[in-house]
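Peer 1: Features from Swiss-Prot:
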- 1-25: topological domain 'Cytoplasmic' (TOPO_DOM)
- 26-42: transmembrane segment (TRANSMEM)
- 43-60: topological domain 'Periplasmic' (TOPO_DOM)
- CYS52-CYS55: disulfide bond (DISULFID)
- 61-76: transmembrane segment (TRANSMEM)
- 77-83: topological domain 'Cytoplasmic' (TOPO_DOM)
- 84-101: transmembrane segment (TRANSMEM)
- 102-156: topological domain 'Periplasmic' (TOPO_DOM)
- CYS116-CYS142: disulfide bond (DISULFID)
- 157-175: transmembrane segment (TRANSMEM)
- 176-185: topological domain 'Cytoplasmic' (TOPO_DOM)
Amino acid sequence: MLLFFVILGIFVLTILKAISKQRWSWLLLAASALSLELSALYFQHVMQLEPCVMCVYERLAMLGILLAGLIGASSPNNVFIRLSAFLLWGISAVWGILLAIKHTDYQLHPSPFFTCDFFPNFPAWAPLHEWLPWLFNPTGDCSDIVWQFLGYSMPQWLIVSFSLYTLLFIIFAISAVLKTKKQLF
């Protein structure tokens, strides 16, 4: 029985390796991140929910996943391009989880001594909050819960989203380094 599951796992990973070399899979990754970014902009500009500094950082992590999808789609059969896209995907997904967990902690355990930064800490050579204020200018408070769905706040849903992105990254990364039958013999 164990042998069956090992063979099935190798078969699935081999299929995933082939999928990672196809443009549509990378475009699907980019489209999913774009849909979440557009949702964030809807919450901000239509529902008038002000983003905080952590929200801005979480947006940036999501944009990293979007960019990874676009990079991977640009030349999915090129090993260097695919590796670069995988690295950006993994870094952005893990960074996003860490940010969302920290943001959730701020909301669940507010402190009278904690206040959000007024400005994001972007490098001086890339002040995104000045270049694109409609996307990166924080005006809200990190500890405020301004929206909930099924009893969970936005950062809690982002933990779910970034966790799924991280899980998919791990699965696809494992499949990418898996040697196929032709390479084994």
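Even glycines carry a Cβ here, placed using N, Cα and C.
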Peer 1: State the Cα to Cα distance, in Å, between CYS116 (disulfide bond) and CYS55 (disulfide bond), rounded to an integer.
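Peer 2: Here the two Cα atoms lie 11 Å apart.
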Peer 1: Within a 10 Å radius of its Cβ, which of these disulfide-bonded residues (CYS52, CYS55, CYS116) has the fewest neighbouring Cβ atoms?
Peer 2: CYS116
Peer 1: Would you mind checking how many other C-beta atoms are within 10 angstroms of the C-beta on CYS142 (disulfide bond)?
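Peer 2: Looking across every protein chain shown, the total is 21.
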Peer 1: Going by DSSP, give the three-state secondary structure for CYS55 (disulfide bond).
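Peer 2: For CYS55 (disulfide bond) - judged by DSSP and reduced to three states - the answer is helix.
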Peer 1: In whole Å, how far does the CA atom of CYS55 (disulfide bond) lie from that of CYS142 (disulfide bond)?
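Peer 2: The separation of the Cα atoms works out to 8 Å.
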Peer 1: Per DSSP, what is the residue count of the topological domain 'Cytoplasmic' (77-83) in each of helix, strand and coil?
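Peer 2: Here the numbers are 5 helix, 0 strand, 2 coil.
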Peer 1: Going along the chain, which residues at least six beyond the ends of the topological domain 'Periplasmic' (43-60) come within the CB cut-off of under 8 Å?
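Peer 2: Distal contacts: 37, 96, 99-100, 102-103, 106, 116-120, 128-129, 134-142, 144, 146-147, 154-155, 158.
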